[in-house]
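K.L.:
Relevant sequence annotations retrieved from TrEMBL are reproduced here:
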- 39-126: domain '2Fe-2S ferredoxin-type' (DOMAIN)
- Cys78, Cys83, Cys86, Cys108: [2Fe-2S] cluster 1 binding site (BINDING)
- Cys148, Cys151, Cys183, Cys185: [2Fe-2S] cluster 2 binding site (BINDING)
- 254-439: domain 'FAD-binding PCMH-type' (DOMAIN)
- 282-289, Phe362, 372-376, Asp385, Leu429, Lys447: FAD binding site (BINDING)
- Gln773, Phe804, Arg918, Ala1085: Mo-molybdopterin binding site (BINDING)
- Arg886, Phe920: substrate binding site (BINDING)
- Glu1265: active site, proton acceptor (ACT_SITE)
Amino acid sequence: MSFSIPSIPSPWQPCSIQSTSNCAAILFSARNMPNAAGSALIFYVNGVRVEDDDFEPELSLLEYLRRKLGLRGTKSGCGEGGCGACTVMLSRFHHSTRSISHYSVNACLMPVAGCHGLAVTTVEGIGNSRRGLHAVQERLANFHGSQCGFCTPGIVMSMYTLLRNNPKPSFHDMDEYMQGNLCRCTGYRPIIEGLKTFTSEFQCCKGENGGECPCMNSADTTTPEEEEHPRLVQPSHLVPYDPTQEPIFPPELQAGSRVTWYRPASLDEMLRLKAAFPEARIVHGNTEVALEIKFKDCKYPVMISPTAVQELHQVKVGDNRVRFGGSVTLTKIQKTLQKEIDSRPEKETKVWVEVVEMLRWFAGRQTRNVSSVAGNVVTSSPISDLNPLFQAVQSRIFLQSSEGGREVKMNEDFFTGYRRNIIRPEEILLWIEIPTSSPDEVFKGYKQARRREDDIAIVNAGMFVRFQSGSKKVKDIRLSFGGMAPTTVMATRTRNGLIGKEWNEDLLEEALDLLKEDLPLDPGAPGGMTRYRRSLTLRHVSLRNLCASPSHPEFKAINSHSSCISFFYKFWLEGCRHLGLKLPPGTASVLGRYQKDFPMASQFFQIVPGGQPKWDAVGRPLVAKSAYHQATGEAQYLDDMPPRDNEAHLALVYSSRCHAKLLLVDPNSALGIKGVIGWVGPEDLPGTKNCFGDDPEGEPVFRRDKEAIKEREFYWEDWTELGDVDEALSQAPHVLEGQVRVGGQEHFYLEPQACVVTPQLEHDELLIYVSTQELSFAQKSVAKAMGIPFNRVTCKVKRVGGGFGGKVTRPMLFVIPAAVAARKFGRSVRCVLDRDEDMMSMGGRNPFLGRYKVGFTSDGKILALDLAMYANAGYSLDISHGVMQRAMSNVTNAYYVPNVRSKGYVCRTNISSNTAFRAFGAPQAMMICEQWMQDVAEFLHLDPVQVRERNLFKDGDQTHLFNYLTHCTIRRCWEECLRNSDFLYRRELANKFNRENRWKKRGIAVIPVAFRCAFVVQFMNQASALVHIYTDGSVLVSHGGVEMGQGLHTKMLQVASRALCLPISYFHTTENSTDLVPNAIGTGASMGSDLNGPAVIDACETLKQRLEPFMRENPKGSWEDWVKAAYFNRVSLSATGYYRTPGLGSDWKKGDNFSYISYGTACSEVEIDCLTGDHKILRTDIVMDVGESLNPAIDIGQVEGAFIQGYGLFVLEEVLFSPKGKVLTQGPSTYKIPGFGDIPEEFNVSLLKGSPNIRAVYSSKAIGEPPLFLSASVFFAIKEAVSAARQERNLSRMFKFDTPATAERIRMACQDKFTDKFEGEEPGTFEPWSIQV
């Protein structure tokens, strides 16, 4: 099969081809080569031949697939290769070996021009709902590994590529292939559970009773009784994977051709081209150039691809080195070196082992598959992971030009400045050699990043020492560091000073002073964290006394000198071990590599009663309704909608200043750009103008929250009080005061903000598709701005690719301009924000400051709390006052405090407006609560677990909002969690570990949650539904809740199933629309099921009442018979339903606006590296009260997903601004959400049994938000581990430790003699690179 792409209007400039010889060609822009001869791009997509001679060289494969081929299953999540949503598989035929290789790539970075002669496979090409799902798609869906589904196609394709290369991979293989993919919803556990069924470990040893595993290799013999077995998935129901049925490589591409349209076919040809165009960029994986074009607006009129130059792809293995051609990919280097490591003695492979280990953490698999070693060297990034290793061993490289070649060493003179080196413009890097090691040498590589997997380094290093034979004296030493200067830098003074010295503690003392001279770092250096960065590279030096006692920053610094020292100390220990010297007590554990075990997990839930009818879907772990379509790429998100005729695209113009007065707008420059049809501004608004925020005047350039507090710049303030707080504090035996900061958080939903607005032909009507959680708000906001009635605006949404509160109010910032433009120009207007635009403008979770005074008894009983909380709202109020109200409702978390005063202030600042975020202020207030609770325990020298337990709620307690507790299950959750986690025994083991290890520490913590459920505002606790029965008996359910991954549609169908006594196969939902269910409340506050479920039941009950006469007349008839009878008797088969939560008051201060409380408890254990601040979660146990679950699989997924998102909030994710207010964290390269490798090594979730909730649909409870705060158990486990380290120096266990608990904060809080060497600069004496607000 083959087809040609028709000529269609597009925003991309056509290109043409200029032949430069009989066997080679190079790509030129049509503007530069007007007389160029034409040629065609030829490749295959899902087995179909594509031939195109009208495309733009810089066009990415992603855009080509989505816009030109209409294959929209591949998603656009970030545009910088950081999330994996755009993963596809490329297949290449190698003529020299007559073999085919398959590799995953990020389509957003891959130029379509680079696909010439290749076969591309997308998620649509491996399976769909019509012809059948591929085993990967089917298992991912069946294991409940798809929630919002936006990340699912990319994850599917990563695993599919692995299976094409290895039908029986190991878990390590799977883990490596997943490193480049992110998911914001699931918590990763169900994805891993589904995909690990393909691994050899699962197939070999995961049988039910330890015998042969029958999971995918036997017939389905499940009995009805077995179907009720309490597990989320029945493995025997899964489709076996048959690798023999995969598509074949297109035979046409195996024929071969020496002439390619844009790439030289020989080395001589490439050298002539480089001589003619010395500034041309050589593009291999495009992982660097694509980002420069996108974020730096770089222009490259000439690009050369080296993929057909054989010499650049050669690998030559010698006795004392391996030589790699410049275009050899990092994946191939990894495989080649590993093969040599496996076959050679250890003494020869020390360097290769470290290179392979560093590549393990280098970006994601998709990036390593296409990135070349030459690209890594030539770009000369100061935070390159490989260049410090190459420099430390002084790798030889060969540079070639048309005039000749030269061999150079990567020594201290190789890098000449920021992203500059000694390579001349006309030269190419032909090869690089990585040498073997000798018995007298020690070589190590180090890297510290915010996240272990797929992250750029904060600081990295390569360290080499050669000892004199038979001696402990240093013959040569080379220490190379990245992230400490504008270039990869060699510590030359240190090298000269240590050569000839004996390897002992005196050498360490001397090295400290020398390294300080070698690695100076200005406190305002790019990346910040200067003290931490220095400590990593330098810090391990003063050991004499210690040994006796047991958009897109180039460098991310953290106090970096601390990091430098840590690395060197570890290296010194490695040298001691090599020489056979006795290591200082408790230090051996910091040596060696990070090992990731096969993850373990368990899920416990209550099965449905034995007498429940089979058709009753409630309580069963059903797969989410759209999971299969999400796994195949068929599920449609907003930007997957085909373009309308004459559709235009809206681009927002952002201010370059965070606080200024807009004096003049001159659009003429923009209007002169080809393709721009016009602009819209305030003068185009016919109705209410300026719907959001104010135009601030006379304020500081960048007002921060502390300045807002000082100037009392508050949008909103209020207070509540229970009891006599002042009297209770005055009488309390002990009183503590303190201050706590809780950092903000970026939503990082995988689907960016998007809308399509289409003007209708009459009556000023508008049809709007918008990715939002609240269609009614979009409807009324647009109508008010346009000056038209609400009924002229229809808003629709099929599904949302993650929302978390960020798609409630904030979409109006682009939906209203798009609507104005659509009416002004009379055409459809689409607006899809790039990830950096989204993160710059959409705001996030409100950062909080809490100031507390707490009174308590000597046994830890809390008597009184006086708390003031300040929330950073940003430049407008948005709904931050609601966030603060929710926060003030949760200031005591799950604890009884008889006297409470809570004051809340919403601060006006000049950053992007913050907005709703999952749990809506409660996590900030609860974190402040748990911080002072921990301080109370430490002050009294009591066990924090006992202090928390002593103060837990119980039935009959009065909360600080004056209501009395009933059906309180927190103590049940607490006790069950302690029992399930074996807490007491494991804490003893952790204490033993801490006594035996100086630089590794473990901590374990237990944290409760009591989350008040309902919207804070009374009127919002209502919902409507519309249910249609068609004459064939099928049922269509519409309701006001938006599906965004939380399984709401699936639960509503389960509810309808029970209400109408029908199997769930009868039911269907379509898109949400304001003309189906008007005035719908936004989907949030975990109220989706609680509100919409009863509304659906109400509509179903109406329909059942209408059908009852016909059921009585024909009791033996079928459902279809009764429906037809009603229809022929002119009975309406359509009904609306309505529900409002009963018994709610309107005064949030009295607590009567909450329906009930959800309870839970989590226990987490962590291990930290005191020298670097790195950590890992060893185990987490959760017990969550969800009432009687509507769907245990969905609810457990929500628990896990919320926990991991909260873990990001409290530990990993850090929102940074420049001192002038620019958002520095604008994408996955600078903002790190948890990845596959960050989840607990053991993750156990139990749903509390026997806890029905009479206040919600079918005795269930809210689930989306309550579990999020349980992730604080990780934070406090880290704090316990840090406290253990501090105790060894007799430092106080009470110390300031704000969120997030980044590697920098963990390292600096451990506070040892290394960190003491680097005092922080006095605030005000320098301008910091970044600020956390």
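Easy rule for this one: first residue shown is 1, then count along the chain.
Cβ from N, Cα, C; glycine included.
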K.L.:
Tell me the Cβ contacts of Arg918 (Mo-molybdopterin binding site) under 8 Å, same chain only and six or more apart in sequence, or just say none.
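P.N.:
Looking at Cβ-Cβ distances below 8 Å from Arg918 (Mo-molybdopterin binding site), excluding near sequence neighbours, one finds Phe804, Gly805, Ala1202, Gln1205, Gly1264, Glu1265, Leu1268.
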K.L.:
Nearest of the binding-site residues to Cys148 ([2Fe-2S] cluster 2 binding site) by CA-CA distance, picking from Cys86, Ser372, Arg886?
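P.N.:
Going through Cys86, Ser372, Arg886 one by one, the closest to Cys148 ([2Fe-2S] cluster 2 binding site) is Cys86.
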K.L.:
Would you count the other C-beta atoms found within 10 angstroms of the C-beta of Glu1265 (active site, proton acceptor) for me?
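P.N.:
So the Cβ neighbour count for Glu1265 (active site, proton acceptor) comes to 27.
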K.L.:
Could you count the residues of the domain '2Fe-2S ferredoxin-type' (39-126) that DSSP puts in helix, in strand and in coil?
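P.N.:
The domain '2Fe-2S ferredoxin-type' (39-126) comes out at 15 helix, 31 strand, 42 coil.
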K.L.:
Would you mind reading off the Cα separation of Ala1085 (Mo-molybdopterin binding site) from Phe920 (substrate binding site), to the nearest angstrom?
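P.N.:
Checking the Cα atoms of Ala1085 (Mo-molybdopterin binding site) and Phe920 (substrate binding site) gives a distance of 7 Å.
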K.L.:
Within 10 Å of each Cβ, count the other Cβ atoms, then let me know which of the binding-site residues Cys151, Cys183, Cys185, Ile282, Ala1085 comes out lowest.
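P.N.:
Comparing Cβ neighbours within 10 Å for the binding-site residues Cys151, Cys183, Cys185, Ile282, Ala1085, Ile282 has the fewest.
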K.L.:
Give the distance between the Cα atoms of Phe920 (substrate binding site) and Cys86 ([2Fe-2S] cluster 1 binding site), rounded to the nearest whole Å.
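P.N.:
Given the Cα positions, Phe920 (substrate binding site) is 31 Å from Cys86 ([2Fe-2S] cluster 1 binding site).
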K.L.:
Would you count the other CB atoms within 10 A of the CB of Phe804 (Mo-molybdopterin binding site), including those on all shown protein chains?
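P.N.:
By my count, 32.
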K.L.:
Of Cys86, Gln773, Arg886, which is closest to Gly285 (FAD binding site) if I measure between C-alpha atoms? They're all binding-site residues.
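P.N.:
Minimum Cα distance from Gly285 (FAD binding site) across Cys86, Gln773, Arg886 lands on Cys86.
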K.L.:
May I ask which of the binding-site residues Cys108, Cys151, Cys185, Gln773, Arg886 is closest to Glu288 (FAD binding site) if we compare their C-alpha atoms?
P.N.:
Cys108
K.L.:
How many Å separate the two farthest-apart Cα atoms among the Mo-molybdopterin-binding residues Gln773, Phe804, Arg918, Ala1085?
P.N.:
12
K.L.:
Using the Cβ center of Cys148, Cys151, Cys183, Cys185 as the [2Fe-2S] cluster 2 site position, which other residues in that chain lie within 8 Å, going by their Cβ?
P.N.:
Ser146, Gln147, Gly149, Phe150, Thr152, Arg184, Thr186, Leu750, Gly801, Gly802, Gly1045
K.L.:
For Ser372 (FAD binding site) and Cys108 ([2Fe-2S] cluster 1 binding site), what Cα-Cα distance in Å is obtained after rounding to a whole number?
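P.N.:
Between the Cα atoms of Ser372 (FAD binding site) and Cys108 ([2Fe-2S] cluster 1 binding site), the distance comes to 18 Å.
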K.L.:
For Arg886 (substrate binding site), which residues in the same chain are close in space, meaning a Cβ under 8 Å from its Cβ, but six or more apart along the sequence?
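P.N.:
Expected: Phe920, Gly921, Ala922, Ala925, Arg1012, Val1016.
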K.L.:
If one measures from the C-alpha of Leu429 (FAD binding site) to the C-alpha of Cys108 ([2Fe-2S] cluster 1 binding site), what distance in angstrom results, rounded to a whole number?
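P.N.:
Approximately 26 Å lies between the Cα of Leu429 (FAD binding site) and that of Cys108 ([2Fe-2S] cluster 1 binding site).
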K.L.:
Tell me, which binding-site residues from Cys83, Cys86, Gly375 are within 10 Å of Cys151 ([2Fe-2S] cluster 2 binding site) if we use the C-alpha atoms?
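P.N.:
Those close enough are Cys83, Cys86.
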